[in-house]
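**Q** Shown below is the structure under consideration.
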Amino acid sequence: MQHPFHSYPAPAKLNLLLHVVGKRPDGYHLLETVFRFIDFGDTLELAVRDDGQIVLLTPTDGVPPEQDLTVRAARLLQRESGCRLGASIKLEKRTPMGGGLGGGSSDAATALIALNRLWGLAWPRERLQALGLQLGADVPVFIFGRNALATGVGEVLEPIPLKPAWYLVIHPQVHVSTIEVFRNFSQTVLTEIGRVGIMRILETTQQRRNDLQSVVEKRFPAVNEVLSELRKYGSPLMTGSGSCVFLEFESKDEADKVYRVLSQKYQGFVAEGLDVHPLFDSAE
C-alpha cells in the first residue's frame, strides 16, 4: 500500500565566500566557507510505501535512479535505521546540475529530514547530519538548517548571522565537475582567516573571494564572460565549484532591474536570502 504524497522544499545555497585552507592526507581539501540558503530550489514529494521499496517516479535524464541522491539518501536511512517502510519519490528539479548551488545535496537532505518524520524514526539532527556526510560534504549544512560558517571539508558547522539580501544568480549553461576543479587547484599559499576575519569580510562584497573561481574561469570561457558582464553592476562571485555566479543586492528592485537587462542574454533568477532552512523545525 502507498500512502498520500507530501511536498517538501529543497532550497539552493550560495557560498558567500570560499577559501581553500589546506589539504588532508587523503586528498580532500580543507575549506572555510559561508553557506547561505535562498528561496529558490527543488521540490520533493514523498509517499510512504508499506512494501519497503524505494521508487523514484521522476528520474533525471542521464542519472540512473540508483545513483540519484534522493534514492541513495532514502536507502541509506532505511538501511541504517532498520526501517521496513519504503517511499515513492517525485522530484521537481529547478536547480541546475553542476552549478554550485547544492541541488543534489539539498534534495538528499530534504529526503532524510522528511523520511525521518514520515517513517517515525525520530533521529536527532546531529545523527542525520552524520548520515548525510556519507552522501556528500554539502549535505550536512542543509540538515543543520541555518546559514553557516563551515570548516573542515565543509562539515564542521557553526551558525553565522547574515544581513537581509537579494541575489541575482546567472547560470552560464556549462556543467562543472567539482572533482575536476579541485584536481586542478594548485594554489600553494593556504591560510585560515577565522570567524572574526570572515565577519569583517562579509560586511561588504568587495573583499569576498572564491579560491576555486580562477580555476573555473580558465577552463570555462562562458563563466569568465558572465563574471565580466556582472562586474558592470557590482562585485560578482562564483558559488561553490561553479558554474553559477551571483551578485548581492540590498533590495529585490535592484536585483530585478539588473536581471531585466541580463535576462535578454543569460539564464538565471532572482532569489531572496533566507535566515533558516524552510524545514528547520522538522528536525530536532
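Backbone N, Cα and C define each Cβ position, glycine as well.
Swiss-Prot lists Lys13, Asp138 with the feature active site, giving sequence analysis as the kind of evidence. The annotation ATP binding site is assigned in Swiss-Prot to Pro96, Met97, Gly98, Gly99, Gly100, Leu101, Gly102, Gly103, Gly104, Ser105, Ser106.
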**Q** Within 10 Å of the Cβ of Asp138 (active site), how many other Cβ atoms can be counted across all chains shown?
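**A** If we count other Cβ atoms within 10 Å of Asp138 (active site), we arrive at 28.
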**Q** May I ask which of the binding-site residues Pro96, Gly100, Gly102, Gly104, Ser106 is closest to Lys13 (active site) if we compare their C-alpha atoms?
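**A** Among Pro96, Gly100, Gly102, Gly104, Ser106, Gly102.
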**Q** Which are the residues of the chain, Pro96, Met97, Gly98, Gly99, Gly100, Leu101, Gly102, Gly103, Gly104, Ser105, Ser106 excluded, whose CB is within 8 A of where the CB atoms of the ATP site average out, their centroid?
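**A** For the ATP site, the extra neighbours are Ala12, Thr95, Gly240.
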**Q** Have a look at the binding-site residues (Gly98, Gly100) and report the one with the fewest Cβ neighbours inside 10 Å.
**A** Gly98
**Q** Counting only residues 6+ apart in the same chain, whose Cβ is under 8 Å from the Cβ of Pro96 (ATP binding site)?
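**A** Sequence-distant Cβ neighbours: Gly103, His171, Cys244.
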**Q** Compile a sequence-ordered list of residues in the same chain as Gly102 (ATP binding site), six or more apart from it, whose Cβ lies below 8 A from its Cβ; state 'none' when nothing qualifies.
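**A** Looking at Cβ-Cβ distances below 8 Å from Gly102 (ATP binding site), excluding near sequence neighbours, one finds Ala12, Lys13, Thr95, Asp138, Phe142, Gly240.
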**Q** 10 Å Cβ neighbour count around Gly104 (ATP binding site)?
**A** 25
